[in-house]
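According to TrEMBL, the protein carries these features:
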type     : residues   : note
ACT_SITE : E424       : active site, proton acceptor
BINDING  : T142, G181 : FAD binding site
DOMAIN   : 19-136     : domain 'Acyl-coenzyme A oxidase N-terminal'
DOMAIN   : 278-439    : domain 'Acyl-CoA oxidase C-alpha1'
DOMAIN   : 476-655    : domain 'Acyl-CoA oxidase C-terminal'
Amino acid sequence: MAATVNPDLKKERENSSFDPNKITSFLYGGPEIVKKKRELESLALNDPDYQHEDLNFMSQEQQYETFLKKTLLMVTKVRELKIDVADRHFYRSAVIGTNPDPLGLHVGMFLPTLYGQASQEQKDKWLKMAENFAIIGTYAQTEMGHGTFLRGLETTATYDPKTQEFILNTPNLTASKWWPGGLGKTSNYCVLMAQLYIHGKSYGPHPFMVQIRSLQDHKPLPGVTVGDIGPKFGYDSIDNGFLALNNVRIPRENMLMKHSKVAPDGTYVKPPSSKLAYGTMVFVRATIVNDSATALAIATTIAIRYSCVRRQSEMRPGHPEPQVLDYVTQQYKLFPYLAAAYAFWLTGQTMMSVYTTSSSQISKGDISVLPELHALSAGLKALSSWVANVGMEECRMACGGHGYSHASGLPRLYANMTPGATYEGENTVMMLQTARYLMKSYNQSLQGEKLAGSVAYLSGVQPVPAAGRTRNMLDLGVLCDAYRHRAARLVHEAAVQLRNERQAGKDQPDAWNAASVDLVKAAMAHSQYFVVKNFAERLTDSTLDSSISDVLTRLCQLHALHGLVTNSGDFLEDGYLTGTDVRQARRHINALMAKLRPDAVALVDAFDFPDGILNSVLGRYDGNVYEHLLEWAKASPLNKTDVHQSYHKYLKPFLEDNRAKL
């Protein structure tokens, strides 16, 4: 087993133009945070209690059991080690990696929903138990027949004023709750989203606190049918479940009543705003932006390191095989996604900051920020998860045949991260929600209202510059202006298309459907503008030294230019950019890739993923890929014996029978 770093990777690191630790500090918020991060990761990765067989060699049941054990052990150790709440995600990521875990929805949705939707009395009753894992909960919203369309949920909660109880029912097959993580085997409680009925009248979906399993023997309670939905494309370490309810009664106090209320006599008290329920969803969608950035960062780390270790073909006849990353086509596959990983990393931080600030305002009764927050989080969730999906697959294919092996870590990463395009809101629907806010804002601007925040630019579409005007297509100000103009124009054109459909005689729903392709395109442009603008603004940080600022600026330029060239038709349609501008942009991309090539390994090193989190033979920090690839293969259960038992059962009789016939 080689004990030294692969010479190609060593040379890459020696020739970089900057110290990766400086970018690591920038990405994580300072050297002290990085120090704490590394300490906690080391603590977890070196703990023998967390060691287990490679997940790729386990059945679904074994993976679930392994992760349940690890997660419960992690909860205990976090308490014993007294790890601060702000630092727990570092420790958790080292224990869990990019895999989901059976307590993920307890922490990620069950608790946040109690924080945001429960009254003080309800918090007093349940929150301490939930925070201390005396009860385990999940969030049961999605049904077999309905997901993103919340108003279409079929599960019913009918109020009985005589007993002051809600009667919960799953009226038909498609109303079965389907997909909630931790529901299949782990949780004993759930927050259930169900249609509220009082005196025969529907009041729409509301959250209810429901016990589904006994706290004594964990068996389903009377009227509760619950289980695991079976193998999926990924997510084998978590028990996604189904749930059906038959006349299950819960006390009136089990409806979460921070906002909406039902009095003992059945009087319904509506919330100050229907948008108050957005809080949990906004938080989760902001988290998905961060998760998408992490997935892209891991994928590009694996692919770029491996592309430096892997040597392939002859660029010049008779010369040594070059590193795969020296091929410009390989750079064009990988570097734009490296830039996107940085862009979404910084966008995710901004989204979390906006969410925290907005939550503070909302808690004081100011709900004016909710519509924009909801629209922004929906669009960025969709954009980031879409790009991450495409990027992870591009990275896998860029690793050639070995990328197809689970040893690369890329198939499992893709399978675990790709659901982000559909959970917590299907992406096309998310973009249409963003578009709805854009249409409303655009119409307000036409009526003379002053817009602010992320839609301030909609106050007017910029005039088209005179043809032939020369631009510096590397100037971030010029690039931001181009993205702003494109977004404003596409919003304007979507609004015109919507108006034309109405004038043609369609009602609002049909007109919206007819214009939906344009509306999604407008929302996408709006979201992309936000990402580019945010990236550029983050580079104005005065604490960045020149070496860091230079390389990050190149990444920002590459991200903006690649998006511009990929969507060049949008920028050319109205003459805002010229063919000369786009050709210049394409040339700049090649020049930027050449400048980024010596820094590529240092840029992925700066993400600071230890091998225990990467879980990739191809992406190892030391670059000793081939030795470990063979070692990994030998660990396969099929290699436990030289002759597999199936030989004696099937192959030997088959061969002997055929030989006897000769």
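Just so it is clear, glycine is given a Cβ too, placed from its N, Cα and C backbone atoms.
Cα-Cα distance from G181 (FAD binding site) to E424 (active site, proton acceptor): 12 Å (rounded to the nearest whole number).
A sphere of 10 angstroms centred on the C-beta of E424 (active site, proton acceptor) encloses 24 other C-beta atoms. Counting residues per DSSP class in helix, strand and coil order gives 90 helix, 0 strand, 28 coil for the domain 'Acyl-coenzyme A oxidase N-terminal' (19-136).
Separation of the C-alpha atoms of the residue listed as 'active site, proton acceptor' and T142 (FAD binding site): 9 Å, rounded to the nearest whole number. Sparsest Cβ environment among the binding-site residues T142, G181 (other Cβ atoms counted within 10 Å): T142. Summed and averaged per residue, pLDDT over the domain 'Acyl-coenzyme A oxidase N-terminal' (19-136) gives 94.
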